[in-house]
């Protein structure tokens, strides 16, 4: 390098490099310089020639290659099956994907999710085109169809609405159809009807709609429970539906207004039926053999064979007489989606066991292929693309199937994906975040807090802060935040990038705080002093004394200031949908409180390689209580809300005295991880308080029981059970059903942020009582008193 620089008159550069390398005359003389002055140029010429040769070879390969679309055409369409790896993995949704639909003409794909949005993708190139917002709860189904020459997208939701979107007008919402009395779980355009679609609902009905007028043409009654799915026949004459009454029903909708009863009812499943499919005529030849027919039905005849998939883990094949031809067994969990192969030879199924299975109808329904773990979590939906799709550039291409993934088995709401099931590369899209006037500070969970902010229409994300630059930038990237979202940090100190600089911004109105318990009060105090609205995590502080001091400062500030910043304490279970159901049932139950109990036994494992516990403030807590304080306020909040819902009690439902024994069962959970005690309310009612984070084989993960003079109510995160006076069997309400209680909303965080946003938007003088700092203080007081009693060997303590 030195010789080359000197030979080309870069003497200063050569001398500087020689001095840097400390080369004396013995190592580099005139002979050495002459020897090497042309070597670099020769080597570079050789590299260029080699690259040009490789480039020419690659160009020749490309010029002579068979186009991807022709390769697909050369495959036998009747026997092609999807295989790993996927062609694309499409990522942008923030929660479970419930449904997918292909545009009948172009390479567009629509997906609907528990994050309340619909996303439009170009599946041919694997890119996100648009995010559609309009529904206020989970989007449960989508479909393309409508009048000829005017393709529309239809969606339905847990918000009871059906919405029509016009792809030709940038997916503008052109009509909202209202009429169902509960969640709308499925919607389909009816072929050959030009302007009709059918919907299925938890209100136990099917409705047929005229999309041009928005009116209900017909309501079909027959199911006695939630209708989960509905599919029209290819000629638009028949519908097949299924639901929680464990039946599938076939409807003839050409008998105009003569009857609203089903033509045929299929019995045999032993659990809720999640999905159904009508066999295409191409499958008749194989299904006719199973049915023992001498010849298959006419290809012009629709609804000859039906497939159903159930939570009993079985798929059943039926003929038009209601005879079950085969039961296909292989899945290990609930079956979520079914689709017949266009060639007619195969049936494909997707299930909560995280597999897609291919069943060969020509071999009596034998499972011939299993695609294991196409997603990290449940596979919720399958759709097959139209056989010939025209891309925006005018190229015709064959399309493959597509699957969507749901929430993981723990109900975690991580980023969800859609996978185009064809070979090829993998691509990721940035998250779509649009939130107003909220900055997230510290270790804000991008799987919970940021989606909650996004779901609140009044909010827009403006900035992300963490103490360290690395953490702040990692969170920014993990959240998929756009360049318009600024990053702030205090370590290393950078002018204009600290927390104080952020709080000085006039366009930042509110702050979401999610940092360790010991650090949170200081940030809350600083944000409130800057006039910013604050929503912080529970507990309100590490100790009751600190919480009382902070609340007193805030209340004094609020009383002396006209601007009155709002302060809410979140993640205390009070907005959890299942708990809200329990509160409503407790009010209906009524009566005088007789007893109460709180039980929570679980094990927080020692995740030494990283994970939930692997943070210094959890491993060596400087605050009293450790995990018991952090998690215990959740459980106490639930107990207090249920007891307080018995309106006649008032303050008498509050715990007045208690006695507890404490223990540390796991060495990695200091200072204690278990509390066992009893308590008495101000009204003199006694109950049991049991909480443990160190019990591997204990009782329920979480159970709250209130008993009154009129009966007993039990709440767990999965169900509400009510036994009323005189009942023989209890009433059970399933609050774990993802269609009615989406995983995205299960912990109530979105509802909490929505309530906080409404309080700001409406200019309220205070936040909702459920998230007030004083409510959170009372939760903290109970847990701290339990810890104090435990430290004193079970001494009776007054609150």
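Including glycine, each Cβ sits where the backbone N, Cα and C put it.
What TrEMBL says about this protein:
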DOMAIN    1-26  domain 'PAC1-like LisH-like dimerisation'
DOMAIN    441-556  domain 'Gfo/Idh/MocA-like oxidoreductase N-terminal'
DOMAIN    591-793  domain 'Gfo/Idh/MocA-like oxidoreductase C-terminal'
REPEAT    90-131  repeat 'WD'
REPEAT    132-166  repeat 'WD'
REPEAT    177-219  repeat 'WD'
REPEAT    220-261  repeat 'WD'
REPEAT    302-319  repeat 'WD'
REPEAT    328-361  repeat 'WD'
With DSSP, how much of the repeat 'WD' (177-219) is helix, how much strand and how much coil, in residues?
0 helix, 24 strand, 19 coil
Mind checking how the domain 'Gfo/Idh/MocA-like oxidoreductase N-terminal' (441-556) divides into helix, strand and coil residues in DSSP?
45 helix, 26 strand, 45 coil
Counting by DSSP, what is the helix, strand and coil composition of the repeat 'WD' (132-166)?
0 helix, 20 strand, 15 coil
Which numbers of helix, strand and coil residues does DSSP report for the repeat 'WD' (90-131)?
0 helix, 25 strand, 17 coil
How many helix, strand and coil residues does the repeat 'WD' (328-361) contain under DSSP?
1 helix, 20 strand, 13 coil
